[in-house]
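Features of the protein shown, as given by TrEMBL:
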BINDING   7, 8, 65, 66, 67, 68, 69, 98, 108, 131, 135  D-ribulose 5-phosphate binding site
ACT_SITE  64  active site, proton acceptor
ACT_SITE  97  active site, proton donor
Ligand code: RB5
């Protein structure tokens, strides 16, 4: 199950990605926004990140104008590895090296065809594990330490 959300700046690209997921037969839940009214990206980024962090969704996709705000929000959540990607190579590496569980795209940055190719690459690429898993383990350890130290 993939959860997806956007703000107004990512709405059109979100619809394009939903069409791709539907064509591929991938189950997808849209957590908003549902119209072009101006909204705050943290509200929608948090919905997706919380679901993936808690394990009630396998993967997430977030879209805002640039992708920057959504990635900042999503990476606050435990266990989230949200990757902001701008081309197919980055989307591929986001899975192969970083095992990103949320892909973040910029609706005002990427054209629909590129976004489709990026999402397909991210879904179809296998995590390489090995030395890359050891690096993710270090990130997880850092996250744990920082939570213990937090005031
Ligand atoms: C909204 O205008 C815009 O700031 C938002 O979509 C995003 O680009 C933030 O990072």
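Every residue gets a Cβ built from N, Cα and C, even glycine.
Across the structure, residue 69 (D-ribulose 5-phosphate binding site) and the residue listed as 'active site, proton donor' place their CA atoms 23 angstrom apart. Within the same chain, residues at least 6 positions away in sequence whose Cβ sits under 8 Å from that of residue 97 (active site, proton donor) are 128, 132. The sparsest Cβ neighbourhood within 10 Å, among the listed binding-site residues (65, 69), is found at 65. Note on proximity: of the binding-site residues 7, 108, 135, the one nearest residue 64 (active site, proton acceptor) is 7, by Cα distance. Close to ligand 1, meaning a Cβ under 6 Å from one of its atoms, is not one of the recorded positions 67, 97, 108, 135. Of all Cβ atoms in the protein chains displayed, 13 besides its own lie within 10 Å of the Cβ of residue 108 (D-ribulose 5-phosphate binding site).
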